[in-house]
């Protein structure tokens with residue numbers, strides 16, 4: 001490397017080396033070095049995790065804002081093309097449909113050509129990873145680029161395809177967290193720590209939600225409910241710190257870009273604060289939660305059934321295996337044709353974006369009462385000041401368009417979730433639930449046009465509040481989460497309906513969790529990913545199921561006194577990764593485990609041979625240096641299914657040996673646990 005040179009002050013221009021320049025100032029140089037060392041020591045004394053978590057939050061906020069900026073410009077270009085192309089219905093139809101079809105086809109083809117793991121939401125696979133299963137290349141950085149480009153194209157298709165970005169952003173944040181974890185390990189110089197890696201992944205999941213909705217509280221809680229069955233309090237502050245950095249940066253960028261005057265919520269509402277609801281309305285909110293719970297069960301069943309049909313049908317399974325862009329294009333053509341505004345889309349408010357859908361549904365005025373004596377014309381162009389007009393039709397009325405929207409979007413959402421593109425599925429069900437609540441709120445406003453009278457005071461019905469509760473209840477029931485109640489308050493900036501919304505969410509979850517697995521668990525089941533299911537049947541009789549009822553009693557052991565030739569036959573005839581080691585054949589006392597790879601290496605180094613008067617056995621191989629591992633955790637035949645399930649989930653275990661008074665009598669793996677849980681949830685018919 002060439003030596004750095006410079007000019008001495010007042011010199012004739014002859015260059016000198018940097019060492020000569022600083023040579024006369026040894027005290028200054030020592031002071032600078034000491035100051036830098038002190039700064040480094042102080043910075044890292046508070047824990048290096050702070051800096052990596054802050055970097056994670058800021059990076060994801062920048063990506064989220066940049067993606068929103070790009071998508072908004074592309075959608076504006078599509079709307080301009082649709083407006084300016086002329087009055088020809090054919091040209092307008094083509095401009096409306098070809099645009100999203102091309103984007104969706106490119107999204108599917110591009111993302112799948114780089115890596116097959118970039119499609120879909122990503123949350124089901126992340127649940128599997130956090131449960132201890134290693135999915136190769138799923139968190140690879142090349143997957144990040146494919147997911148970003150594909151997701152931009154998906155979102156640019158607009159409300160035609162009606163998909164969001166929550167799930168993919170959780171996946172992107174976890175990929176960045178995994179990469180920063182590797183950078184952290186290389187920077188500090190410590191060996192790989194799986195516990196530290198999981199801490200970064202959990203924080204990444206929280207950041208993914210918070211940088212989409214600018215909601216750090218619900219982002220952390222949602223990630224805990226969706227991603228983890230057990231959560232370490234040690235990870236709590238990490239998730240909140242990273243999520244807060246991400247949410248703050250995301251909203252701060254809007255202020256810097258002059259989109260907002262100050263940091264505000266995404267969907268600001270103006271519900272009445274003095275008396276937001278009356279006591280009798282609690283019943284209607286709970287009833288809304290029950291309706292959302294029943295509808296969520298129907299949606300989850302239909303979505304999982306249709307996804308299973310695509311997997312088993314010969315034509316569609318071949319099409320999805322060989323021509324994913326073609327299937328994506330066909331689905332996009334169907335969805336775009338239905339949402340064409342002069343056609344059926346007139347009754348679906350299809351000119352609204354997904355954000356405008358929510359803003360209009362959260363409106364606190366009653367559309368039914370406003371249109372009772374008047375019939376506003378349908379504007380030729382979208383009016384941002386009166387978005388609610390998009391929901392009105394003179395013949396259909398508000399109730400007809402809302403009901404038609406719910407019926408059509410129900411099966412359209414099921415179809416959209418099967419398109420193999422990077423996409424999120426939370427925001428669509430959030431909007432659908434808001435429409436359910438809005439329909440009930442409008443019906444109540446017509447039934448009680450003057451409002452409810454309590455204590456001589458008339459309190460008007462606020463349909464937007466029911467839309468708020470419906471969004472939280474339906475999305476919470478589909479995902480089996482309670483944090484959606486907090487999410488709607490962070491989105492709107494008002495918590496005046498806290499109690500009724502929470503009661504609606506609880507009622508919806510009570511029904512959904514007792515009848516159907518969540519959206520993400522259902523995807524895991526259909527994809528046949530290795531994941532330990534949750535025990536949904538919590539009856540008292542389920543606690544009587546013990547390990548002895550479902551353990552695998554066929555266990556292959558290696559005894560210390562087993563002849564070496566017999567041990568070689570056992571190892572070569574089986575493919576187990578490790579073998580239980582017992583004291584003797586007769587006692588079967590479990591003393592440890594020995595890995596297959598170590599045994600094979602030991603057998604090659606010392607082939608089996610017998611000398612006169614002494615028959616070599618496994619004990620000789622162990623004495624020769626073959627390592628063994630102790631069994632620190634084991635089950636008893638009397639251990640209950642619930643206790644075993646908690647151990648497997650808490651410690652991310654794959655299998656455990658079962659011992660009775662020290663004797664190895666069997667083992668329990670995920671296969672036995674899944675079979676036992678399935679039998680408990682869906683008992684076989686009596687013979």
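A Cβ is built for glycine as well, from the same backbone N, Cα and C atoms used for every other residue.
Per TrEMBL, the stretch carrying the note transmembrane segment among 441-458, 495-512, 513-530, 531-548 is 495-512. Check TrEMBL against the ranges 461-488, 573-600, 601-628, 629-656 and you find transmembrane segment recorded for 461-488. As annotated in TrEMBL, transmembrane segment covers the listed stretch 282-302 rather than the other ranges in 240-260, 261-281, 282-302.
If you take every residue in the domain 'CBS' (551-610) and average the pLDDT, you get 81.
The stretch with the most CB contacts under 8 Å to the transmembrane segment (282-302), chosen from 50-70, 90-110, 323-340, 495-512, is 495-512. When Cβ distances are compared across the two stretches, the transmembrane segment (90-110) makes contact with the transmembrane segment (323-340), since 3 or more pairs at least 6 residues apart fall below 8 angstroms.
Taking H, G and I as helix, E and B as strand and the rest as coil, DSSP gives the domain 'CBS' (551-610) the counts 20 helix, 16 strand, 24 coil.
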